[in-house]
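Novice: Pulled from Swiss-Prot, these are the listed features:
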- 32-157: domain 'Bulb-type lectin' (DOMAIN)
- Asn63: N-linked glycosylation site (CARBOHYD)
- Asn94: N-linked glycosylation site (CARBOHYD)
- Asn122: N-linked glycosylation site (CARBOHYD)
- Asn130: N-linked glycosylation site (CARBOHYD)
- Asn196: N-linked glycosylation site (CARBOHYD)
- Asn260: N-linked glycosylation site (CARBOHYD)
- Cys298-Cys310: disulfide bond (DISULFID)
- Cys304-Cys318: disulfide bond (DISULFID)
- Asn328: N-linked glycosylation site (CARBOHYD)
- Asn336: N-linked glycosylation site (CARBOHYD)
- 349-435: domain 'PAN' (DOMAIN)
- Asn354: N-linked glycosylation site (CARBOHYD)
- Cys389-Cys410: disulfide bond (DISULFID)
- Cys393-Cys399: disulfide bond (DISULFID)
- Asn396: N-linked glycosylation site (CARBOHYD)
- 445-465: transmembrane segment (TRANSMEM)
- 814-842: region 'Disordered' (REGION)
Amino acid sequence: MVVSVTIRRRFVLLLLACTCLLSRRLCFGEDRITFSSPIKDSESETLLCKSGIFRFGFFTPVNSTTRLRYVGIWYEKIPIQTVVWVANKDSPINDTSGVISIYQDGNLAVTDGRNRLVWSTNVSVPVAPNATWVQLMDSGNLMLQDNRNNGEILWESFKHPYDSFMPRMTLGTDGRTGGNLKLTSWTSHDDPSTGNYTAGIAPFTFPELLIWKNNVPTWRSGPWNGQVFIGLPNMDSLLFLDGFNLNSDNQGTISMSYANDSFMYHFNLDPEGIIYQKDWSTSMRTWRIGVKFPYTDCDAYGRCGRFGSCHAGENPPCKCVKGFVPKNNTEWNGGNWSNGCMRKAPLQCERQRNVSNGGGGGKADGFLKLQKMKVPISAERSEASEQVCPKVCLDNCSCTAYAYDRGIGCMLWSGDLVDMQSFLGSGIDLFIRVAHSELKTHSNLAVMIAAPVIGVMLIAAVCVLLACRKYKKRPAPAKDRSAELMFKRMEALTSDNESASNQIKLKELPLFEFQVLATSTDSFSLRNKLGQGGFGPVYKGKLPEGQEIAVKRLSRKSGQGLEELMNEVVVISKLQHRNLVKLLGCCIEGEERMLVYEYMPKKSLDAYLFDPMKQKILDWKTRFNIMEGICRGLLYLHRDSRLKIIHRDLKASNILLDENLNPKISDFGLARIFRANEDEANTRRVVGTYGYMSPEYAMEGFFSEKSDVFSLGVIFLEIISGRRNSSSHKEENNLNLLAYAWKLWNDGEAASLADPAVFDKCFEKEIEKCVHIGLLCVQEVANDRPNVSNVIWMLTTENMSLADPKQPAFIVRRGASEAESSDQSSQKVSINDVSLTAVTGR
């Protein structure tokens, strides 16, 4: 009996092994196709990239009423079918007889049940079929490669995009070939065939992102200024500070790329001709829409016709710009604005050119200023400076408008002005050429208004003059040049990191008067005090218009605070991201130095995590969202912004929460801006917070992205456990949090680290994964730690196999008591007798 059971078991194992050999992809999820290993739809075979993010094979669109089969690439771990590329979009197969294989000519091909060619990469490859293979990369790129030339890429799906724009993909024009890589929409949400809409970079003088319907523009972004497209509202333009960039070379090639390493973003053109940027929410199990365009009716290309400007939210939305009237009043008043507007009065330079009609007289034309505008299409470049730009336009009779942007330079327009829009908070100033009579009209109106005002002012001036004679002459008080000197020092901080053309003009940062901030905080009263930072107190305030603010006031007793405050202004004034706190302005008067931020009503993360009364407010889903949000903000600092920034003081008290408990990273006083080619730096003055500093930074002064990752790992473990890293666990021989988490991990009880207030059996695997990720982040050797993009990927990917963590860093401190946060200590100590490194605890 025992022998028969043993034989039976061996037979079953042999059968399983044979099954795996016959269909290796089903067992191991191979990522490549060779001549001898095709993919058969009838056997449900697919390719899976090594990371498990993307899958390639046959599919039928969700909700499709047909059984048509397409070949494409889609997200594997996301439960909502999200296809990012389709091969045979216009030639589907009617059944499951399709095969994907390396064809006899070495190309990747799709054939149907009758062995008819349905689709092919169609590359001229004079090689034998066994000389090529196809691999699905972790980026979602499908590559046909030549194994004779070190894997030379013969064809790739990223060079043949469909409706989705992926990280590491490029769109744009090729000056050498004349080609233009664009997105193309599906016909409908359940029909992948070629739709009516395309989107891509238009090769204008100043590149713009456009959407076309059957080659007719339906939306445009406005010109690229080096950081954003200037024709987008504020919130939409943030997208292009979040990893997108435009590049051009001397050969006419213009390309748009996405620098974000996280593949949980989806940027696609939908069948209705709308571009969406989304990111995947693991907790909500859905795609969250970040931005979309067009967004309002005013975004429609040429909505108000020639010389018409669109005002979203107003009724009617279309208005003729100053100096112009509707071309057809009846149509205009009836809501048909397509014919646009025409001039009230002809230009003087046009009359001069029309000598046959007796022209040549009259006063010179001038310009009317339109503020916060989306500039018209088809601008031309001029090398003129900001001061000379108006004259260049005025001297050219065909020039109808000009504008100046520091990132672009002088822009000129000739002929009709089309697709203008008025914004509330973004846009640039546009100057439109009008006849002198139009200027005179506005001038006369100004005189009518100003005359009585000037009269009153003259009388008041006489009274003041008479009053002044009663007093002796006194020396005029010295002009307060605090702000001017401060800004000069701040701009000096940026000069080593950026070229002059890319520097932010710090003088454009709003300046608040001291009295305004004093009034808004009720003279900095204790009841408005939100907390005490390492460099001074923070107060809640309310501006006259009702906006709530947070005011950080530099303590005069802080010897190092001025440098950190200046550094914070330099760093944060350049950053825009939904997971970073927003700087509204500053105050520099006399000895007063203050920063003004958006107010975060829920205060800081530590106020909830470590308060027994508030811990339950942060349920597990909220804590997970906070961890993900912190990662996205940190990824922006490290990779996606135009600067590379290391925070150096990431901790729970520097994570602020908005009204929806979304996290925002704050306190950039210790942040360092890196050059593009820098990966690490060192300092003789180590500043930070005990318990959050990485060992290489605390011991040797070396810091890099991985230093912030260490701090991130500590925060992860604090969020999971609801305990401070600096606190000890008496039940475990006074182990700190890292040591305690490491012990639980080795004992196979990682989920036991979770805060009992939020632990739920249904989240146990996710909690274990987060502990695992936290321990990977706090490994002692910096190179062993993941980067932030990998942390995001691990967080947002289900059923992913993670590397085992190595022992965390345990730092033994001598000569100083534990400093729990920057709120309590600012003393200097020495660590492990490293005398050259001054460590400033916060």
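Cβ coordinates are placed from backbone N, Cα and C, and glycine is handled just like the others.
Keep in mind the model is a prediction, meaning the values are calculated, not measured.
Help me picture these features in the structure, burial and contacts included.
Specialist: Sequence-distant neighbours of Asn63 (N-linked glycosylation site) (same chain, 6+ apart, CB under 8 A from its CB) are His189, Asp190. Taken residue by residue with DSSP, Asn63 (N-linked glycosylation site) is part of neither helix nor strand, so it is coil.
When other Cβ atoms within 10 Å of the Cβ of Asn94 (N-linked glycosylation site) are tallied across all protein chains shown, the result is 12.
Around the Cβ of Asn122 (N-linked glycosylation site), the same chain contributes Asn107, each under 8 angstroms and 6 or more positions distant in sequence.
Packing around Asn130 (N-linked glycosylation site) is summarised by its Cβ count: 12 other Cβ atoms lie within 10 angstroms of its Cβ, all protein chains included.
Cβ neighbour count for Asn196 (N-linked glycosylation site) (all protein chains, 10 Å cutoff from its Cβ): 16.
In three-state terms derived from DSSP, Cys310 (disulfide bond) belongs to an extended strand segment. The Cβ of Cys310 (disulfide bond) lies under 8 Å from the Cβ of Asp297, Cys298, Arg303, Cys304, Pro317, Cys318, Met420, Gln421, Ser422, each on the same chain and at least six residues away in sequence.
Around Cys318 (disulfide bond), taking its Cβ as the centre, 22 other Cβ atoms fall within 10 Å, counting all chains.
Its own atom aside, the Cβ of Asn328 (N-linked glycosylation site) has 16 Cβ atoms within 10 angstroms in the protein chains shown. Following the DSSP three-state reduction, the secondary structure of Asn328 (N-linked glycosylation site) is coil.
DSSP classifies Asn336 (N-linked glycosylation site) as coil under the three-state reduction.
According to DSSP, Cys410 (disulfide bond) is assigned to a strand segment.
A sphere of 10 angstroms centred on the C-beta of Cys399 (disulfide bond) encloses 20 other C-beta atoms.
According to DSSP, Asn396 (N-linked glycosylation site) is assigned to coil rather than to any helix or strand.
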Novice: Any idea what the Cα distance is from Asn336 (N-linked glycosylation site) over to Asn328 (N-linked glycosylation site), rounded to a whole Å?
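Specialist: Approximately 9 Å lies between the Cα of Asn336 (N-linked glycosylation site) and that of Asn328 (N-linked glycosylation site).
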Novice: Reported in the order helix, strand, coil, what are the DSSP residue counts of the domain 'Bulb-type lectin' (32-157)?
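Specialist: Summed by class, the stretch gives 7 helix, 53 strand, 66 coil.
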Novice: How does the model score the domain 'PAN' (349-435) in terms of mean pLDDT?
Specialist: 89
Novice: Write down the Cα-Cα distance for Asn328 (N-linked glycosylation site) and Cys410 (disulfide bond), rounded and given in Å.
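Specialist: With distance taken Cα to Cα, Asn328 (N-linked glycosylation site) is 33 Å from Cys410 (disulfide bond).
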Novice: Can you give me the Cα-Cα distance between Asn196 (N-linked glycosylation site) and Asn94 (N-linked glycosylation site) in Å, rounded to a whole number?
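Specialist: Between the Cα atoms of Asn196 (N-linked glycosylation site) and Asn94 (N-linked glycosylation site), the distance comes to 24 Å.
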Novice: Fewest other CB within 10 angstroms, which one of the glycosylation sites Asn336, Asn396?
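Specialist: Counting other Cβ atoms within 10 Å of each of the glycosylation sites Asn336, Asn396, the minimum falls on Asn336.
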Novice: Could you measure between Asn130 (N-linked glycosylation site) and Asn94 (N-linked glycosylation site) for me? Cα positions, answer in whole angstrom.
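Specialist: For Asn130 (N-linked glycosylation site) versus Asn94 (N-linked glycosylation site), the Cα atoms are 29 Å apart.
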Novice: Counting across all protein chains shown, how many other Cβ atoms sit within 10 Å of the Cβ of Cys410 (disulfide bond)?
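Specialist: The answer is 22 other Cβ atoms.
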Novice: Please identify, from the disulfide-bonded residues Cys298, Cys304, Cys389, Cys393, the residue with the sparsest Cβ neighbourhood, meaning fewest other Cβ atoms within 10 angstroms.
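Specialist: Looking at the disulfide-bonded residues Cys298, Cys304, Cys389, Cys393, the Cβ with the fewest others within 10 Å is that of Cys389.
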